[in-house]
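Q: Have a look at the structure that comes next, please.
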Amino acid sequence: PHPARTPTDPPFATRVTGIRCCAALRSCFPILTWLPGYNLTWLKMDLIAGLTVGLTAVPQALAYAEVAGLPVQYGLYSAFMGGFIYCIFGTSKDITLGPTAIMSLLCSAYIGGDPVFAVVLTLLCGIIQAGMALLRLGFLLDFISHPVIKGFTCAAAVTIGFGQVKNILGLKEIPQQFYLQVYYTFHKIPEARVGDVILGLCCLFFLVMLTLMKNSLGSSEHEASLLVRSARRLVWSLATMRNALVVIAATGVAYSAEVTGHHFFSLTGKTAEGLPPFKVPPLSETVANGTVITFSVFSQDLGGGLAVIPLMGVLESIAIAKAFSSKNNYRIDANQELFAIGLTNILGSFVSAYPVTGSFGRTAVNSQTGVCSPAGGIVTGVIVLLSLAFLMPLFFYIPKASLAAVIICAVSPMMDFRVPVQLWRVKRLDLLPFLVTFVVSFWEVQYGIVGGVVVSGFMLLHIVARPKVKVSDHGVLLLELDSGLNFPVTEHLSRLVYKHALQVSPRRCLVLDCAHVSSIDFTVVHELTELLKQFELRGVSMIFAGLKVEFNINRHVLLSADLPGFRHTDRVDEALQLLTSIINNSNSQ
């Protein structure tokens, strides 16, 4: 028996309301779901993972700022806010937010190397992303197909990777446009600086070797010896921090050369020291000649970037979060992820960041190092802040060739040449949006994405407008539909009916198999009404089979009152028997 209620027990409705409020709070602030169970073991693992990711994030942030066409400190400005915001609002324990190669490339096409444009773009992207989350518009991402994403990432990898060849060679005054970049890079090869070439190739060699070592360790068999396991763990740790090690070593070499008076290398140069000021993003800018650029001009100049960059940022981040949640057996809330990214960008604009998203490489490091909660991002953020506070004077001596090597090795896995083969085997027509996106992206990245989405959209519309219809003869004509009946299909369906039933001699009775029809709209109802009239006028019959009750034509329009010939059966065989008996009765008369 249930215990008797006491006067102090809260009413049932109050308890239910309390439970709902707690669930709503956990939904809005996912930190409340894991923080109560946080323990020292989790803290230890999060510290290790956050430190490891931080040592990876700092050199990558410096390098990606180069891709975006901004001073290197803006990469670090963009690398710390995500760790703090995502810890509170994110639903994936693995993902790390910050600058990435693809977002840097997209931003470079719109900001023109102007930090003020970058900050305004970050603010507007964050507002758009947060607005999409509040309005639950995340479904719009479903219209960017996998072939489009793969075509874009492959083209972006080639564009970004080749764009760093000029820094490996130490070349100056190379245009940003890809085709011009290729031409002038080869044209100016005789002007290459020997020091940059040697240092860049050495950095590439060591990065590739350390990557191969890490991959071989991950695939080798388990060793029983404690000494061997410890050695493998040490090598794995060094390989994981390879970017930081290579940049530190290259900086040491460049510093040694500079203090002895030898200028062998192209250096990053002077950077702003200290932490960025926390201030309201500038909504206008006064250029050197005194012209004031207003917020409306900013918005017009950013143009399509306000659609492409927020969508691609969210798409990249949610795809990474889903991949690692599946791997590590937990669920994410895509809408909450969208809100977390948007809020990160909004607050990031207050510290002069450019747009950020989830990083696949750093997320993989985070997961492999054993992170237990999003709190690892706080440690990564602290590492970046310490670098800004104390190490900025040393960044003067970082060779551009070493950062170029880091970028090339980071984007090379994105060039997946197996994708066209897989598309050919599965569905050859999917090669079309892939190739359109891939080729056009070399002209302008944003046009490549838009072109691929448009081609995919036309392919989808064609499938909707021209569904497969199987025509067979069972003494009476049978048309089997394999999808919904929506307004684009009306003309196609009418043409088939007239061709096979009404414009032949003698005219044929028809069974329309609607067992697989999941939707129907008013335009189709109207067209079917006209077809029923034509069948009645010609003295033949059309019967609907398997039409679901919720989509019954009789429910949309009261056809039975106007058209006594409207008939419907549950199964095709019943419809065929009914028509056969109608034909036999007609012949006997």
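In case you wondered, yes, glycine gets a Cβ from its N, Cα and C as well.
Not my notes, these are from TrEMBL:
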type	residues	note
TRANSMEM	71-88	transmembrane segment
TRANSMEM	117-135	transmembrane segment
TRANSMEM	194-213	transmembrane segment
TRANSMEM	234-257	transmembrane segment
TRANSMEM	305-325	transmembrane segment
TRANSMEM	337-356	transmembrane segment
TRANSMEM	376-396	transmembrane segment
TRANSMEM	403-425	transmembrane segment
TRANSMEM	445-465	transmembrane segment
DOMAIN	475-579	domain 'STAS'
Q: Which sequence-distant residues neighbour the transmembrane segment (71-88)? Criterion: at least 6 residues beyond either end, Cβ under 8 Å.
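A: Contacts with the transmembrane segment (71-88): 29-31, 50, 57-58, 60-65, 95-99, 115, 118, 122, 268, 271-272, 276, 340, 343-344, 347-348, 351-356, 373-382, 384-385, 387-388, 392, 395, 398, 403.
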Q: May I have the DSSP-based helix, strand and coil counts for the residues of the domain 'STAS' (475-579)?
A: 51 helix, 18 strand, 36 coil
Q: What stretch in 117-135, 194-213, 337-356, 445-465 has the biggest tally of Cβ pairs under 8 Å against the transmembrane segment (403-425)?
A: 194-213
Q: With an 8 Å cut-off on Cβ pairs and a sequence gap of 6 or more, do the transmembrane segment (305-325) and the transmembrane segment (194-213) reach 3 or more such pairs?
A: no
Q: Quick one: average pLDDT across the domain 'STAS' (475-579), no decimals.
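A: Across the residues of the domain 'STAS' (475-579) the model's pLDDT averages 77 on the 0 to 100 scale.
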